[in-house]
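What follows is a single structure, written as structure tokens, with notes after it.
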Amino acid sequence: MTGKKRSASSSRWLQEHFSDKYVQQAQKKGLRSRAWFKLDEIQQSDKLFKPGMTVVDLGAAPGGWSQYVVTQIGGRGRIIACDLLPMDPIVGVDFLQGDFRDELVMKALLERVGDSKVQVVMSDMAPNMSGTPAVDIPRAMYLVELALEMCRDVLAPGGSFVVKVFQGEGFDEYLREIRSLFTKVKVRKPDSSRARSREVYIVATGRK
């Protein structure tokens with residue numbers, strides 16, 4: 001019974017995925033993921049990226065966000081990216097494969113940043129979802145707290161932070177924490193984000 005339900009759910013997800021207009025557009029354009037469109041919408045609204053910037057990309061694989069940012073920051077810009085999963089190389093992206101929750105991986109990432117002035121930290125990280133909010137939301141909140149800790153460590157004054165967050169327990173407290181660190185904070189739900197998803201994107205600018 002459980003197997004049948006899981007199979008039916010998987011079939012629905014696959015049908016929705018391949019009929020999704022953003023998935024289809026990503027395939028036509030040769031993009032790595034539909035996430036490219038989410039960041040494009042955010043850039044149109046908030047103008048986060050400029051030529052020559054240094055950007056940290058957390059939860060980077062398969063590379064949709066890094067692929068987008070390369071087009072915005074140009075050849076003089078730099079992206080330091082990290083993910084637990086492997087990612088095919090992108091020109092202009094320094095990729096570190098490892099678990100961001102691991103202290104040694106965090107240290108290695110900070111070493112790659114070095115003395116660079118980071119203008120944007122972005123995080124599209126999400127845990128493997130079990131389908132149980134009581135389990136998934138705390139896991140997701142732990143990841144976004146780590147991303148905010150990275151901002152504290154490397155983000156230059158005036159810098160920006162964009163992070164995927166799942167609405168639920170801890171969201172309001174996290175939003176207040178971000179507002180204490182940045183001068184302007186917006187909560188975005190891009191059109192390319194699936195309506196049924198609890199995900200939103202917090203866009204914070206003007207690191208204090």
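Including glycine, each Cβ sits where the backbone N, Cα and C put it.
Per Swiss-Prot, the feature active site, proton acceptor maps to K164. In sequence order, G59, S123, D124, M125, A126, V144, E199, V200, Y201 are the residues of the chain that are 6 or more apart from K164 (active site, proton acceptor) and have a CB within less than 8 Å of its CB.
Taken from Swiss-Prot, the feature S-adenosyl-L-methionine binding site covers G63, W65, D83, D99, D124, and the record attributes it to sequence analysis. Reduced to three states, the DSSP call for D124 (S-adenosyl-L-methionine binding site) is coil.
Classification of K164 (active site, proton acceptor) by DSSP places it within a strand.
In the three-state DSSP scheme, W65 (S-adenosyl-L-methionine binding site) is classed as helix. Least packed by the Cβ count within 10 Å, out of the binding-site residues D83, D99, is D99.
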